[in-house]
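The domain 'NADH-Ubiquinone oxidoreductase (complex I) chain 5 N-terminal' annotation in TrEMBL covers 44-88. As annotated by TrEMBL, domain 'NADH:quinone oxidoreductase/Mrp antiporter transmembrane' applies to 111-381. According to TrEMBL, the domain 'NADH dehydrogenase subunit 5 C-terminal' annotation covers 387-557. Under the heading transmembrane segment, TrEMBL lists 12-35, 83-103, 109-128, 165-187, 208-229, 241-259, 290-313, 334-355, 375-393, 413-438, 450-466, 539-562 (among others).
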Amino acid sequence: MKLSPPMYKFWLFMMMFLIMGQLCLLMGAVSPVIFEWEITQLVSCNFVFPLLFDTYSVVFLTVVIIISSWVSFYSNTYMSGEIFISRFIWLVFFFVLSMSLLIMVPSAWAVMLGWDGLGLTSFLLVIYYQNKSSLSAGMITALTNRLGDIFLLINFSLLSGGGQWGFYYITAGCYGLALCISVAAITKSAQLPFSSWLPAAMAAPTPVSALVHSSTLVTAGVFLLFRLVHIIESSELLKYFLMYSSMCTLVMAGGCAVVENDIKKVVALSTLSQLSMMVFSLSLGLSDLAFFHMVVHALFKALLFMCVGIFIYMNGGKQDMRSIGVMWSQAPSVVACFSVSNFALCGLPFMGAFYSKDLIIESMYTFNLGVLPMMMIYIGTGLTLVYTLRLYFAMWGSTEGTPLTGMRCENTYFGGAEFAMVMSVLFCPFVVQLCVSLEENVFVNYYEKNMMWMVLITSFLFIVLVKKRELVLPYKLYHYISGMWFFQKISAQPLSSQVLNTSGKLLMSLDHGWNEIIGGRGAYKLFKMMMIMNQEFQWNLMTTKILSGLMFISCFLVWFLWFV
C-alpha cells in the first residue's frame, strides 16, 4: 500500500521515537555524555557544537517526538481542508527542530538559535489564519517573547567575555547571568507579569496548541531553568522572585479559568497554572519533581487539546464550553479520553500528575515558607479542581444551546491519535520514573496531610454552588478575574498605546518638526530664501545702476543741448 505524505511523516517520527526510547532506557544506567565538535576559534572564544546525552535530555526529547508524531497524524484530518497544508507541516517541523536544538545542545549560541526559532515559528503559526484577531495575538506573542530574547542576548554577551559558550561552565556565583536567564525563562513560560500572551496564542490551529502548550514553547523556559537550577539555588532573592511570581500566576490562572467559557482558553489557562507549579518547585530546588511533572503534563495536555480540537471540529468551529453537553452521545470514546486527561490534570490518584503534584505539595512543608505562600498554593490547587470539575460537568451536563446538527467523529486518524496518547498518558510516567529518580522521603503530620482533603472538599462544594447558581460573582469582581487581574489590558493596549502616542509625538516634534527646520529640508528652504534675497539684491543693484546710468546720460544730454 502506497503511503500518503502525512503517513511518511508519521512513520519518520515513530522511528525517531523508537530510537530515542532505546536511548532513554540506556541513559538511565550510564553517566551523561557530551560530544563536542570544535567549529572555529575566534581570538579567545571557542565555537563548539556540543551534544548532551543524559537522562533528562533524552527523556524529554522522546516525549517531544511522541507528541509531535501523533499531532502530525492528528493534523492529517483536522487540517484536511487547508490549501497550504505543506506550509503548515513545515512550520511544525521547524518548530520541533528548534525545540530539539534547545534540549540537546547546551551552548549559548545554539540555545539562542532554538529560542529565536521557537519565537519566529510560533508567531507564524499563531497568525496562520491571517485575520484581525490572529494578527493581534501574534503581535502580543512576538513582542513578549522578544522582550525575553533581550535578556538572553545580554546573557550571550556576558558569556562571550569568558570565552566559553557552554551553559555547563556557568558556576553558582554568576548572579547577573542567573537574573537574565530567569527573566528570559519566565517570559517564555508566561509567568506574571508576562502571562497575557499565552491565552492570546489560542488563535493558532488546535494541533499547534496541542504542541505549543504541552512540550515545546511554554516548557522551553522551564527546561532552561531546570538546567540551571544550581545557579538559582545560590541566590535567595532570585528564588523568592520565582516563587512569588509562580504562586501569583497559579492563583490568577486558576481564577480566570473558573470564569472563562471558551473551552480552548480554559485549557490554555490550565497550562499556565501547571507551569507555575513547575516554576514553584524549581524555586524550592525540587528539580527532579519539576521535570517529572513537566513530562507528565506534556502528555496529558497534548491529549486534552486533541480532544478539545475534536469537540470544536464536531461543533462546527464553536468553542463555547456550554454547547458541548451532547458530545458524550456523539463521541463517547473522545469523551472518555477527555475524562482521562482531565482527571490527570487535577491530580486524581493513580494518575501520573498525582505523584508529582502530591510530592511537590508535601515537600513544601519541609521549607519555612510562611502562611501566605502556603495559602496561595492551597487556593491555586483548589481552583485547579474547580475548573476541572467545571469542564467535566459541562461535558456530561445539559444539551441546551447545543447545535441541532454536528459532524460525526468517525475518522481513523483521530481514533489512532487518541488511543496512542491515552496509552502514553497511562504508561509513560511509569517509564519516566524508571529513568528519573524520585526517591523523596517526605514526612508530614496528620493536619498537614488532611489539609489537602479540606481544600478538595471546599473546591467541590464551591463548584456545586456555582452549578446551582447559588453563588454569583459581582460584575466588577468577575471583570477583574476574567481580565487576568487587568494584566491582559496592561500588557497589551495601554503599553502599545503609550508607545504609539509617544512615538507619534516624537514624530511630529522631531521628524516633522525640528528635523524639518534644521535638517535637510530646513537647510534647503534657508538656502533657497538666501539665494532669492541675493538674487533680488543683485537684480535691484543692477536696476539701480542702469537707472543711475540712464539718469546720468539724460542729465548729460540736457546739459549738452542747453549750453551747446
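Keep in mind that glycine also has a Cβ here, set from the backbone N, Cα and C atoms.
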When you look at the transmembrane segment (290-313) alongside the transmembrane segment (208-229), do they share 3+ Cβ pairs under 8 Å, ignoring any pair fewer than 6 residues apart in sequence? yes
Non-local residues, at least 6 beyond the ends, that sit with Cβ under 8 Å of the transmembrane segment (109-128): 47, 49-50, 88, 91-92, 94-95, 97-102, 134-135, 137-138, 141-142, 145-146, 148-149, 152-153, 156, 165, 167, 184, 188, 200-201, 203-205, 208, 212, 216-217, 220, 224
Tally the residues of the domain 'NADH-Ubiquinone oxidoreductase (complex I) chain 5 N-terminal' (44-88) by DSSP class, grouping H, G and I as helix, E and B as strand, and everything else as coil. 28 helix, 9 strand, 8 coil
Give the one range among 241-259, 290-313, 375-393, 450-466 whose Cβ atoms make the most pairs under 8 Å with those of the transmembrane segment (334-355). 290-313
Output the single range from 241-259, 290-313, 375-393 maximising the number of Cβ pairs under 8 Å to the transmembrane segment (450-466). 375-393
Looking only at the domain 'NADH dehydrogenase subunit 5 C-terminal' (387-557), mean pLDDT returns 67
